[in-house]
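Chemist: Take this structure, written in structure tokens, and hold onto it; I'll ask about it next.
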Amino acid sequence: MLDIKQIRENPELVQEKLNRRSAAKDYDLTPILQLDERQRELESSRVQLQTRGNEISKLIPQKIKGGSDPKGEEIKALKEEGNTVKNQLSSLEPQEKEIKAQIESLLLQLPNLPSDSTPLGKDETENVEIRRWGDEYLPKIKVLPHWEIGEKLGILDFERAVKVAQSRFVNLIGAGAALERALINFMLDRQIEAGYLEVMPPILINTTSLQGTGQLPKFSEESFKCSEDELWLAPTAEVPVTNLYRDNVIEGEQLPIKHCAYTPCFRREAGSYGKDTRGLIRLHQFNKVELVKLVHPETSEAEHEALVKDAEAILQALKLPYRVIELCTGDLGFGAAKCYDIEVWLPSSDTYREISSCSNFRDFQARRANIRFKEKGKKGTQYVHTLNGSGLAIGRTMSAILENYQQEDGTIKVPEVLQPYLKREVIGKS
């Protein structure tokens, strides 16, 4: 959530930064500014009334004690004025409450401001490639798409998943299930070694949690809701892990806080009709290891770069070719101030596909979820900066392995770092 004080004091600057996101989208700050002005008028009236009420409370006993009002006319008038002040204060309270709710509702609809270092651009075509890694590991043979080789080997079963659920689900069979488990454990082990504390959070979460990290109210159609219980299926572990600290004041010495978490993730993919209808790239249910950081604002940028490196380290260990892309302002996610996408090479389609999105939200989520920290020896508190990224999406990693590690005989060579987990060197037909 944006800072209303920043909007009030620098409306032109905030408007200009919002406009960097999309020339086609009009983020009108006028209603917020008008409501904010009205709220401050009401607040000023309330303070004046409270001051006068306090004066009356002191004057009445003084008049009684001093005997300066033998007929009690002044005291009577003061009491009547006091009652009027009380009534006026009572009428102000619901007005202030209503306007505050309206302001918050409008603020929740506004995206984060792009970082000044985020490249300007209208859409994904103007994202900037930062680096590539692993060209020497590009396959030398023509390969089948991961869903074809997976079905041939009997480790991916899409047909019966449709029978059990619907499209965009998969059954992992035999070595497919084992490979999924191996990837989860390998990724968690590596990130724990890198200093992340593992969390296994609930995957059913409440509305307040989704609002805190920015998925609600903007993207309600993207998530699965259990309406009878007012709970949602988590779209990413970012939500429950970040909300562990909601309404908390953290001691400054505890920062940075680094968590890794494996969870199933659930997304309706409402806006992706017709996209990636085959394979593991875009499922309603998928597994993911997420990295979440709560950091000091002064170290935010450095911690973001380190987060990207931690995600890259998994792909390097697996020897999967990838590239890092910096998203331009027009392709930036709703809550992100700055974002890098890591894209893995999928040879069957001769393209790179996103496997991790590493975002710096600055204080956007912390302000929504009220996550603050206090530095020793300093007055007051500050909002933390939150960062997160996939470390990695398991299904997409599996799809990259099934394609990049295909052999001419139709088997899959198991990446060396996964062999201790799988207890095998090759995946053949089940």
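Cβ from N, Cα, C; glycine included.
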Chemist: Would you identify which residue of Glu180, Glu193, Glu290, Glu343 Swiss-Prot lists as part of the L-serine site it also attributes to Thr236, Ala237, Glu238, Ser390?
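Modeler: Of the residues offered, the record points to Glu290.
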Chemist: Determine which residues of the same chain, besides Thr236, Ala237, Glu238, Glu290, Ser390, have their CB within 8 A of the center of the CB atoms at the recorded L-serine site, and list them by sequence.
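Modeler: Going along the sequence, the neighbours come out as Val239, Val241, Ala261, Thr263, Cys265, Lys288, Val289, Leu291, Val292, Asn388, Gly389.
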Chemist: Going by DSSP, is Glu290 (L-serine binding site) part of a helix, a strand, or coil?
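Modeler: For Glu290 (L-serine binding site) - judged by DSSP and reduced to three states - the answer is strand.
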Chemist: Check the Cα-Cα distances from Arg268 (ATP binding site) to the binding-site residues Thr236, Ala237, Glu238, Glu290, Ser390 and tell me which is shortest.
Modeler: Thr236
Chemist: Taking every protein chain shown into account, which of the binding-site residues Thr236, Ser356, Ser390 has the largest tally of Cβ atoms within 10 Å of its Cβ?
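Modeler: That would be Ser356, with the most Cβ atoms nearby.
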Chemist: In Å, how large is the greatest distance between any two Cα atoms among Thr236, Ala237, Glu238, Glu290, Ser390, the listed binders of L-serine?
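Modeler: About 9 Å separates the two most distant Cα atoms.
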Chemist: Of Glu269, Glu290, which of the binding-site residues has the most Cβ neighbours inside 10 Å?
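Modeler: The largest 10 Å Cβ neighbour count belongs to Glu290.
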Chemist: Near Thr236 (L-serine binding site), meaning Cα within 10 Å, which of Arg267, Glu269, Glu354, Ser356, Ser357 (binding-site residues)?
Modeler: Arg267
